[in-house]
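S.K.: Here it is, the structure in full.
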Amino acid sequence: MVESKLMIADRSFASRLIMGTGGASNLAVLQEALVASGTELTTVAIRRVDAEGGTGLLDLLNRLGITPLPNTAGCRSAAEAVLTAQLAREALATNWVKLEVIADERTLLPDAIELVRAAEQLVDDGFVVLPYTNDDPVLARRLEDTGCAAVMPLGSPIGTGLGITNPHNIEMIVASAGVPVVLDAGIGTASDAALAMELGCDALLLATAVTRAADPAAMAAAMSAAVTAGYLARCAGRIPKRFWAQASSPTLVTTQSPGAESGN
């Protein structure tokens, strides 16, 4: 039986698509995209949001019944990320955090050393930690061993739209993981989303692919459909790849000479 719900820690979600909020031109556009996506969990960069609701973003998520997932976007050290997560816990009354510790502004790739340090401290402090990490199976396993509730490997660098540049590594992460694997970053279009699920990911997190699309709401709907299609295809079991062609139906028809039926 296909397990339709996504389980992270002690919570279940009907949608396997997690949305980000960065890049939207305005809140009205963001609202249309969020509704079209069907998401139930959406990241919020705590350093860019007025926790009192001044930006309207938190109010919007509340109206839509979407759970905000604070993240530590922009942090460059473990100490900075831990402090940001603690502030988010106080402001939003949640111990869930998407952990980001970025090495530099040009690549926006995770700093593996600082990421693990931050994860260890936050887990010890009672957080449900979802770390944005490189597509490195060893690092993903290390983060799981620290007690992270999921691992979130990148498909390609944030905002590039390059899709999944190392699918084999994603498959290795999935094969070794004992926690949900959420592909995070680099998605460009719906086919990338479907591939992520076919590779074995439990969920997908994206923002730019939707918020900067020509029609964000339409792209959000496409991403939602692609995530569902990719997940169902994986559960259904694809046929094995073959070098040579194979007829879908055996050849059983026999031929006979004209007039055979009449006995002539």
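Note that Cβ sites are derived from N, Cα and C of the backbone, with glycine treated the same way.
Below are the features I grabbed from Swiss-Prot:
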type	residues	note
ACT_SITE	LYS98	active site, schiff-base intermediate with DXP
BINDING	GLY159, ALA185, GLY186, ALA207, THR208	1-deoxy-D-xylulose 5-phosphate binding site
S.K.: Find, for the listed binding-site residues GLY159, GLY186, the residue with the lowest Cβ contact count at a 10 Å cut-off, counting only other Cβ atoms.
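M.R.: Candidates: the binding-site residues GLY159, GLY186. Fewest Cβ atoms within 10 Å: GLY159.
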S.K.: Determine, to the nearest whole angstrom, how far the Cα atom of GLY159 (1-deoxy-D-xylulose 5-phosphate binding site) is from the Cα atom of LYS98 (active site, schiff-base intermediate with DXP).
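M.R.: Per the Cα atoms, GLY159 (1-deoxy-D-xylulose 5-phosphate binding site) and LYS98 (active site, schiff-base intermediate with DXP) stand 17 Å apart.
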S.K.: Would you mind checking how many other C-beta atoms are within 10 angstroms of the C-beta on ALA207 (1-deoxy-D-xylulose 5-phosphate binding site)?
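M.R.: Around ALA207 (1-deoxy-D-xylulose 5-phosphate binding site), other Cβ atoms within 10 Å: 24.
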S.K.: How many other Cβ atoms sit within 10 Å of the Cβ of THR208 (1-deoxy-D-xylulose 5-phosphate binding site)?
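M.R.: Other Cβ atoms within 10 Å of THR208 (1-deoxy-D-xylulose 5-phosphate binding site): 19.
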S.K.: So if I measure Cβ to Cβ from LYS98 (active site, schiff-base intermediate with DXP) and keep only same-chain residues at least 6 apart in sequence, which ones fall under 8 Å?
M.R.: THR43, LEU69, PRO70, ASN71, THR72, LEU130, PRO131, TYR132, MET152, LEU205
S.K.: Starting from the Cβ centroid of GLY159, ALA185, GLY186, ALA207, THR208, the recorded 1-deoxy-D-xylulose 5-phosphate site, name every other residue in that chain with its Cβ within 8 Å, sequence order please.
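M.R.: For the 1-deoxy-D-xylulose 5-phosphate site, the extra neighbours are GLY20, PRO157, ILE158, THR160, GLY161, ILE187, LEU206, ALA209.
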